[in-house]
Amino acid sequence: MSSGELSGGMKCLKYLLFLFNLIFWIAGMGLIGVGIWVLVDTGTYNVMKLAEVSTLTLYVGGYVLIGAGVITMIVGFLGCFGAMKENSCLLGTFFICLLLLLCLEIGIGIYAAVQKDQFYEVVEKAMDGLSKTSYSSKDQASRTIIDFVQKNLECCGMNSTSNWNPKPPSCACTKTVSHCVGGNWNRACNVQVRMFLMNSAVIIAGVACGIGTIMVVGMVLSCCLIRSKKGS
């Protein structure tokens, strides 16, 4: 292979890696955005509060996502700088950082997959416990959270629509849908809460999978650029 062809190949790899790192940098911003969403989303907070799951878990998760986003952006900048300067040391550091982030992401994913059934079991037990006391006997803070969940998830009662007698105003509905019967939501909140948490987890998992794929591509490109530079 001629030096001109090699130089052309290195330039192509350099610009590809630069483009990748731009995408990676944007992905870091996406992680920060998801972390902020987790922290400020009233629905997630109220659902976890209703299910008696420690909101500390929510805040820790949000800050971890924000921290991961900041680290991702820093690593992306490191990769951009290393690619433009064609610096093997910076590119090697970039590769190691990506490998560590990927291993951490896989570890968190495995832990979450193993623990998810126990988490949902805790949520369901908490919902069952809430159903054993009447709506009117709960304090104002609890009623406010229950009302929020019932209105937004379009449900009534914790594990049965017959939990509350009489039914609170938040059970009332006016929509023309199958779960609005006789002016009240005709489905319990336990299934809806579970679905809400699962949908939130899917959003986070989707972002994580996308970033994981980008990491692998970046590792391959950085290796190729390092090898091309050594062969030049």
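Glycine is treated like the rest: Cβ placed from N, Cα and C.
Here's what TrEMBL has on this protein:
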- Cys156-Cys171: disulfide bond (DISULFID)
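Of all the Cβ atoms in the protein chains shown, 23 others lie within 10 Å of the Cβ of Cys171 (disulfide bond).
Taking a C-beta cut-off of under 8 angstroms and a sequence separation of 6 or more, Cys156 (disulfide bond) has the following same-chain neighbours: Gln150, Asn163, Trp164, Lys167, Ser170, Cys171, Asn184, Trp185, Asn186, Arg187, Ala188, Cys189.
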